[in-house]
Structures are given as structure tokens and as C-alpha cells.
Amino acid sequence: MPVERMRMRPWLEEQINSNTIPGLKWLNKEKKIFQIPWMHAARHGWDVEKDAPLFRNWAIHTGKHQPGIDKPDPKTWKANFRCAMNSLPDIEEVKDRSIKKGNNAFRVYRMLPLSERPSKKGKKPKTEKEERVKHIKQEPVESSLGLSNGVSGFSPEYAVLTSAIKNEVDSTVNIIVVGQSHLDSNIEDQEIVTNPPDICQVVEVTTESDDQPVSMSELYPLQISPVSSYAESETTDSVASDEENAEGRPHWRKRSIEGKQYLSNMGTRNTYLLPSMATFVTSNKPDLQVTIKEDSCPMPYNSSWPPFTDLPLPAPVTPTPSSSRPDRETRASVIKKTSDITQARVKSC
């Protein structure tokens, strides 16, 4: 248990009346005005018996210092005493009469009577502006709960629900008000939306073309197109009958060009029907254009060559002396003539 001790104000009165501390005295006992020696000993060094007897007595009274056991610390004693004086609600400093410089520095204080003591030191009374701001903050809550005639007819449960919601409704949550059938339907629509509309159910896509003007009001729903007829035609045409395979085979014909015989399948290629343009260009796709181009190929790449054993080969043509050139000369004679020409040119030079 902490030891009960005398409070600071009666303790100070006792120290002043004892006249044991030099410089501590009453200036006006009727008005409870007194002075305390307040030397700045840090400048010239501490003299405990002269500069800090009051601070030492307060440290001993509060148990912060034990004579003969603790080392003297007048600087700490003075700081603790100043903090205790500033925390008292019934003692205030008379600053216009205090002298804080020089060798005879002191501070003057006054003990306040009971009638002048504030209820709690440090707490300022509320101003009119703070009261007005608080009143304005309470008005919107009261006005939202009141009816058009100024009389509030809402129950406390509904008031708590309304203040918690604050007109913020989630589109995925349905808010249900229980036990409020007596409320007006118009007020319910204004305060709470019990069934908010479900959104994001239909995705709309806009299309534009050269013929049609761009208009944001003309919206078309997004649809998945069915399988095109071109894909169906591919599946049906991929499986051909034996007759079609026979018709698709190339027919080889004999042809002779400049006395030489060749095998050719020109003019026997089958024509393949391609899907019409209506398959790709429809009224739903006004901007789509498809161009199909087929390169000419004299012979299919996947066809095989027929055997040549059944076909008669032409007899080899042997050259005859009549077919040779009459002015044909041997290689040796040509070399001899050229050598004679070069020698003649050298001599002429």
C-alpha cells in the first residue's frame, strides 16, 4: 500500500509558515500570494543549502530522495518540483511579478480560492461553434427519419436499419424488411430498394457497315452462329462413291509433236464444285467478302504414271548421209585453216 502523504498545497503552506527556507515567503497572505527562490544554478553550480532546499524537501516528501543513501541530484529535484507545480489546478503563476534573471531570481504564485478553481484544469469549455457543428450533424439523421408532416412514425428497429444501410444497396443482395407492413410504400421505395434490378444478363454488340449509319441506339443481341453450310458440304463431299472415284481418275491420251509421241491428260481434269458465295456473304454479314482463286495445274500431284509397256515405242531415227550438211567439214581441216589465217596475219604485220 502506498504511504499517504500531504498534498502539495498544504505542504507548501506549511513550508512557507515555517520560515526555514531563505527566499520562501508570503507577499500577500490574504490573497495567498507567495514567492519561491528560483536560481539558475546550472550557470554557476549548485549550492544545495542555498539554491535547492525547497526542491530537496519535496523530493524527500515524495520519496524520490533518501538522505545519506541517494546521491544528491538538485537538477532532477527542481524538474520534478516544477512539473508538480504546473499540474496543480488551484495554484497559478503571476508572471508579471516574477523575476527569472539575476542572482535574486524568484517566481511568484497565487493560491486560488475554492470559488475560482476550474472544474478540471486543461479542459476548455465548448464554444458555440462546436455546439452548432454537433447540432448540424444530428439534423440529417432526424430529417431522414421524419415524415412529410414533421412527425416521426418509424420504429427504433427501422431507424437502426436505415442508418446502417445509408441507401447503399448491393445489386447481388436482396434486403428484406421484417415486421414493417404498416410503413408507407412510397417511403420504403425511397429508403430501401428491396428488389434491385438484375443487371449484366444480356450482352449487346453493335455492328456497323458502309450502307448502314452508325447508331448506338440500334443494339443487336450477341448470338452464336450455327454450323455453316460450307462445313456440311465438306463433310458430305469428303466421302465419295466408287463411280466418282472412277470419274476422277485421269485419262491418258497419246499425242505426237514433231514426230515424237507423248502421254497427256490435258482437257481431262474434272471440275470441282465450290460452295456458292451465298454461303459466305449473307444479309447478316454485309461487310464480309470472299474471293476464291484457283491456280491452273496441268496434272494432279497425287496421280500416278501409267505403265509404258503396253504402248508401242517409236522406232529410233538413224541419221543418213543425205540428212547431214553438205558443207560439213572435219575438225582437223577447220583447225588447219585457222592456223593458216593467223600465220598470214603475223607476216603482214
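Just so it is clear, glycine is given a Cβ too, placed from its N, Cα and C backbone atoms.
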Under Swiss-Prot, the annotation region 'Disordered' belongs to which of these stretches: 256-302, 303-349? 303-349
If I go by Swiss-Prot, the feature region 'Disordered' sits on one of 62-85, 206-229, 230-253. Which? 230-253
Rounding to whole Å, the Cα atoms of Lys260 (SUMO2 cross-link) and Lys78 (N6-acetyllysine) are apart by 135
The DNA-binding region (5-113) - residue tally per DSSP class, helix then strand then coil: 45 helix, 19 strand, 45 coil
Using CB atoms and a 10 A radius, I'd like the single residue among the recorded positions Lys75, Lys78, Lys260 with the highest neighbour count. Lys78
